[in-house]
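Enquirer: Have a look at this one before I ask anything.
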Amino acid sequence: MYRIGELAKMAEVTPDTIRYYEKQQMMEHEVRTEGGFRLYTESDLQRLKFIRHARQLGFSLESIRELLSIRIDPEHHTCQESKGIVQERLQEVEARIAELQSMQRSLQRLNDACCGTAHSSVYCSILEALEQGASGVKSGC
């Protein structure tokens, strides 16, 4: 059995993170010492690592709750359910990547249009393009 600080250290999170997951009903603490300290098991450590890894992959708390539910009661769930949750997250990531690539292209056009000299920025193409909403990036300074 582990106290909250020990569990936090092993899972590389803070005790406040564990308390937060408890409030979100993603972690439970059924055992306490006579002094009122929470005690956790190896199973709690595995659950906490599961949650932490899912958070690192960007899953929402709701998705993690669903995945935990599937993990806790695998006999009443299918792999298709887990895969559906992962596919949804994958689509979100792909959309974000496309958005970032579009942003990168826009920034590259702004960068390429500017001569970057030490002259006054009175006629800076970057500033002009940003003012116009980047609708027409002109070359020059």
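Numbers run from 1 along the shown chain.
Each residue, glycine too, has its Cβ placed from N, Cα and C.
Pulled from Swiss-Prot, these are the listed features:
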type	residues	note
DOMAIN	1-70	domain 'HTH merR-type'
DNA_BIND	4-23	DNA-binding region
BINDING	C114, C115, H119, C124	Zn(2+) binding site
Enquirer: In this structure, which of the binding-site residues C114, C115 has the fewest other Cβ atoms within 10 Å of its Cβ?
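Expert: Comparing Cβ neighbours within 10 Å for the binding-site residues C114, C115, C115 has the fewest.
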Enquirer: Have a look at the binding-site residues (H119, C124) and report the one with the fewest Cβ neighbours inside 10 Å.
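Expert: If we count Cβ atoms within 10 Å for the binding-site residues H119, C124, the smallest count is at H119.
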